[in-house]
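Trainee: One structure follows; several queries about it will come next.
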Amino acid sequence: MAATAPKAGGSAPEAAGSAEAPLQYSLLLQYLVGDKRQPRLLEPGSLGGIPSPAKSEEQKMIERAMESCAFKAVLACVGGFVLGGAFGIFTAGIDTNVGFDPKDPYRTPTAKEVLKDMGQRGMSYAKNFAIVGAMFSCTECLVESYRGKSDWKNSVISGCITGGAIGFRAGVKAGAIGCGGFAAFSAAIDYYLR
């Protein structure tokens, strides 16, 4: 069966025969972007990538748990605790007044007193960093969930909320300054990282 060439002045669909219905673009658009659109499972193999098996229910459950606001807050709390503890020990290590007794300024502090002071400062910094990290992370996740977008505004809003909540312990003015300062810092960090 040889294909016949279309007549001069005729189009290819007409040459193929009148048995085929013309393509209705409005109907096609309904299935692609309209009301009849259905979610598609995009397999990496069909897109030119390495094919992978479908995810099991356990994998989906673990992904949902790791993407939850509670998990992100706990992760930021633990990370803040470790980072704050290291920062506190570092600052205590370079401070010349560690273990210093104001009652007896000429006495050299013992290693036990210096280590005790370093541990106290490290624990204090660790707790503060953990609280700030958990507050900021949880607030940012909740703002992102509420807005439905992931952009720089989320970190600015959550920075303002976190800074304001921390600052309001010292008064309204301190809360406003904390809100503005933490929001500006969050915006600068987000601008630098993105």
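Note that Cβ sites are derived from N, Cα and C of the backbone, with glycine treated the same way.
Taken from Swiss-Prot, the feature disulfide bond applies to C69-C141, C160-C179, supported by similarity to another entry. Annotation comment: Swiss-Prot describes 74-94, 123-143, 170-190 as transmembrane segment, evidence class sequence analysis.
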Trainee: Out of C69, C179, which of the disulfide-bonded residues has the smallest number of neighbouring Cβ atoms within 10 Å?
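Mentor: Among the disulfide-bonded residues C69, C179, the lowest count of other Cβ atoms within 10 Å belongs to C69.
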Trainee: Applying a 10 Å Cβ distance cut-off over all chains shown, what neighbour count does C160 (disulfide bond) have?
Mentor: 21
Trainee: Please report the Cα separation of C69 (disulfide bond) and C160 (disulfide bond) in Å, rounded to an integer.
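Mentor: That comes out at 18 Å between the alpha carbons.
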Trainee: Starting from the Cβ of C141 (disulfide bond), draw a 10 Å sphere and report how many other Cβ atoms land inside it.
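Mentor: I get 20 for this one.
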Trainee: Measuring Cα to Cα, how far is C179 (disulfide bond) from C141 (disulfide bond) in Å?
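Mentor: Between the Cα atoms of C179 (disulfide bond) and C141 (disulfide bond), the distance comes to 18 Å.
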Trainee: Hey, how far is C160 (disulfide bond) from C141 (disulfide bond), Cα to Cα, in Å?
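Mentor: Spelling it out, the Cα of C160 (disulfide bond) and the Cα of C141 (disulfide bond) are 14 Å apart.
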